[in-house]
Every structure is written in structure tokens, then in C-alpha cells.
């Protein structure tokens, strides 16, 4: 019945208004072109039923069921509908609010229950809703972030950083992100050419390193290579000197040590050739005391006047020195038999009469010669090998009468007074050997006993002509040898060791110039025997050669300015690099050392060891006679050297 009434009213209304409700063709066309969304008819129909059933009138749950035609939406709608009615249904003024409230109940997406950050859209369902999530979100309301990094590290090559709704790949330091997941190495050496400063840059996988030459370390502050002081770590057994990028170890050769082949340890210096060091226990060495004082002192006392006689065998290569003195004191009568220019010379003083006589053959030829001196009446007769070479008239007696006793003093190898008291001054030091002596027709057994118990007083059994350096001590000359800024050093040698100083110029604590033997080259580190010429500790010329073969060798060195020429047995030296080498000023005052150097710093010269073997040195054509030295070790023989054992 109610539906029939509604239809009649609707028809009448249309008829009554037909003349007034119209639209223009344009409006009609626009109306027809409007797009309708999916299910719009159903939704509008449902909304019409809902407003008619539950807004204009209050509906029951069954009537709401007729509108929705399903239970889920009805169950969802009706409690909320009752809430709208309680809130807005009792007032006409709130009717519009009621309409809005009721109309919004069926749309579960209004208000939107989904997390707006993670939701693409909200889909209204029957009595429920569905949130469609963006990638990276999950949950019923798209409220949960998906941790992509928890699965396969988000496929990131290095680091995966989870963010709300997404993630981001990142790379370790030294890499850059390529695309979204891949990390590529950054070549810092190319991107930042001066990243290492003065050092060399080497790219690494994900990093780089600044490289320095061996002996240097990189300083991050100055971005440069800084020298490493290896000496602080005590790398050397003895002396250590730090050098740019390296270090050098030194061993004190004066203590008989040499550098080991590890360039750090020290080893004893060994002889390559042994010397025939046998002694003759029945011989007397005259040159034992470098001071020139006598090696033997005797006093003869006779009750009856006796003529002086002396006989002995003598062997020497020394051209000058005192053989013996006989007589009283300086101001009384005395005679001195000396060697002068290789011949016998007799100096005598009888009261106010002084005389010097020299004659006979050369006797400093290294052969044994029998020498005799005899008073015959008022004459002195000197014989060599039993042949008279001098006969000198004298007026007086060598014996001095003292309280009825005739006394005579006899000294061997020196005089009992200063050498300037001689009639003709000579160097008293005589490198000679005496045996089979008979003083005043008798042999003094006390001297023989003393000699047998003291090897230093004995001569070598075999000797050759040369100065002998025993491997300890040196000879020192307090003068230089410069000549027109050229220094010429000529050395003949027969070494027993491959290590030792031959010649050196010393100024205070420096060794500006030296010639030495070494078993290795300190510049090239070549472990072969060398002759070295050095300015300070820098080798400027060298010759690799083995000299320890029992043969006599020659070394010639010429120095002018900062240049030098070295020749060994005719073989010219290889010239070394001479960067930053100070020229040798030959006009300066130097001390000359033969066979070693004094107590200066080990770093003053490449070699500090004492020389062992036979050697003679000429400087600018002049022989350096060790007897003329300012000082020499007592064990250095100035003119006699034990031969190298050729059987070795």
C-alpha cells in the first residue's frame, strides 16, 4: 500500500514539473559524458536505501540487514549506527550531522585506518578493509617496516642500511657505490695525486698506502718520508752510524776486530799468511828501545891496565845507528862505533881531542859480518870480516883509574848520554842483530841468560829488508808532505793480513786521507779483498786484488785536489763516485801515520785496523824511515821483517 502511494506521488510530481525541469543541449551532452566509477549504481542504490531506511526513519537491525544484504556489513554497521543515533538523532538541528555520520559507517576506509606512510590505498571490504602496502611495508595497516637487510644483506655488496619503508646500500671507506648494490674501488692515487705528498702512492683494494724507500718511514703529519734511525735499535755490535735511508756498522780494528759478513757483528782479524816468527835465543836485538837508550849496560873493573877489545857478529839493513859505546863518562875518554850511511864509523874523544873516522865496506846488507875493535898500543884497529878497515891513532886510555881500579863502561844499542853529545850527531836507533859477542876477550854469561828469558831482546831467525808492522801500533810523523798541491805515495808491501791501514793523514780527530787494505768494499759491499783510497770515510778509488801471497807488491797513489789516482802492481783503479767529497788541502798541517791510525772516531775512515806485514813507504820520492818517526810502537821493526812463510 505504501509503495503504491509513493509511485503515484512521484508520477504526479514529474508531470507537474515537466515544463520547468530541462537542460540545454550542451549541459545534456556534458551530463552524458560523465564517467561513472565501478559499482557506482550499486553504491548509490545502497546509500538511497540506507538513508530511506535508517536516516529518515530509525531502522532496526533487520531493516539494516535488508539494506546490506549480508551479515558482516550489518554487524559492522549497526553498533556504529546506534552510536550515531544516540549522538545526533534527537535533534533536528543535528540531522545533517546524523546523515553524515550514518553515511560514513559502511565505508571502512573512512576515516582511513591504514598507515598513510606505508599504504598505497585502502580497500573497503564488507565489514572490513584491506590496506595495500608500498614495497618495504607490511602489517594489517601497513604499519610495519620490512627489514630488507635481514635477507641476503639486501643484496648489498658491503653495508645494508635499513630505513622506514626502504633500505640503502653503502660501501666501506675507499669504495664508491655503483648502481644500487655494487661497490667499486676508489683509486685515491688518481683522484688525489698529492695524497702522499713526497712519498710514492700505491693503490690498494679499498685503500691506498704511501711508500718510502728502504730505510725511510712515512710521516702522516708532514706527508713525507722520514729517515729511520736504525742505530736506536742497537743493530750493530759496536759502533753504528745512521745514514740517510740506511746505517753503517763499524768494528774497532785497533782491538783486532773486523766487520762480519752480516755487516753488523764483529769478528777477529785473522792472518792470511803466517810470518816466520821464530827467534834466535843467542842473538841480541839492538833496536828494541825506540827512545834510543842502550839495550845492554855493562861495567868492567880491572886491577891491572888492560887494552880494550870487542868482537861480535852483526846483521842489519839499517843505514844508521849506534852499535856500542865504551869508555868513561861524557867528558872523559870514550869511543862510539856507529853505523852511518851503511858503513862503520868510529867517533872518539880522548880528553880535548875529538875525531870521526869512517871507512870499510857497506855492512847494512842483511848479511852476518864479524866486527872487531881492538886497542893495539896507541892505536885502535877496526876489522870487518877479519880485515882491518880502520886504524886510528889515539893518545890515552879508555879505562878510567878510580881508587886504584881501572873501570870501563860499555853500552850496546845506545850511548849513556844524550845523542847531541856525540862528536857527529847520528840517529842512535839501530835495527840490527848481534850474536857471538866477546867483550874484553871474554863472554858475559849474565847477558846471555837475560836474553834467553826475554823474547823481546831476541832477533828473528830469518829477516828481510823492510819495516815490519806486527798488527798493533803505528809510526807517527809530525809533518805533512804537500808539494805544489800534489801528494805522491809509493808503498811496497808484503802483507800477512788483508785488513789494515797503510798510510793516513790525520788532522785533530779527522782522517782526511787514507790508503788501506780491506776484505770488502764498504761502498759496493763486495766481499773481496781491496786496496782502498779514501777521503774521510768515502772511498774514492779501489782495486780488487789479493796481496797476501808472500810476494812483494807496489801501491802508488797520486792526489791532487779532490782527485786521486790509484795503481796496484800496474793495475789502475776503478774511479768511484765522488759526490760531496771535500778536496784534500795539502797546504794544511797534517800528521802522517803509517800502519794504523790513532784513537779517533771509528767513522773517520773505512778501516781502523793496524797493518800486519812488511812495508816501506815513500812520500813524494822520500823514504819514511821509521827510525826518524816522532813516535813508533816498540814492536815495529824499522828495517827488518820476518819473511812470510812461503809454504803456507
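Every residue, even glycine, has its Cβ placed from backbone N, Cα and C.
Residue density at residue 114 (disulfide bond): 24 other Cβ atoms are found within 10 A of its Cβ, drawing on all protein chains shown. TrEMBL lists 114-131 (among others) with the feature disulfide bond.
Cβ contacts within 10 Å of residue 142 (disulfide bond), excluding its own Cβ and spanning all protein chains shown: 22. The disulfide bond annotation in TrEMBL covers 133-142 (among others).
Taken residue by residue with DSSP, residue 614 (disulfide bond) is part of a strand. Here TrEMBL flags 614-641 (among others) as disulfide bond.
Among the features that TrEMBL reports, domain 'Gla' is placed at 37-83.
Residues annotated as domain 'EGF-like' in TrEMBL: 105-143 (among others). Residues 46, 50, 68, 70, 72-77, 80-81, 84, 164-167 of the same chain, all 6+ positions outside the domain 'EGF-like' (105-143), place their C-beta atoms under 8 angstroms from a C-beta of that stretch.
Long-range contacts of the domain 'EGF-like' (145-184) within the same chain: residues 117-118, 134-138, 204-208, each at least 6 residues beyond the stretch ends and with a Cβ under 8 Å from a Cβ of the stretch. Per TrEMBL, domain 'EGF-like' is recorded for 145-184 (among others).
Under the heading domain 'Laminin G', TrEMBL lists 285-459 (among others).
Residues or ranges marked as domain 'Laminin G' by TrEMBL: 464-641 (among others).
Annotation comment: TrEMBL describes 1-19 as signal peptide.
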Within the domain 'EGF-like' (105-143), residues counted as helix, strand or coil by DSSP: 0 helix, 15 strand, 24 coil
Residue 114 (disulfide bond) and residue 641 (disulfide bond), Cα-Cα, nearest whole angstrom: 116
Rounded Cα-Cα span from residue 133 (disulfide bond) to residue 614 (disulfide bond), Å: 105
Neighbourhood of residue 133 (disulfide bond), C-beta criterion under 8 angstroms, separation at least six: 118, 119, 120, 139, 142
Other C-beta atoms that fall within 10 angstroms of the C-beta of residue 131 (disulfide bond): 23
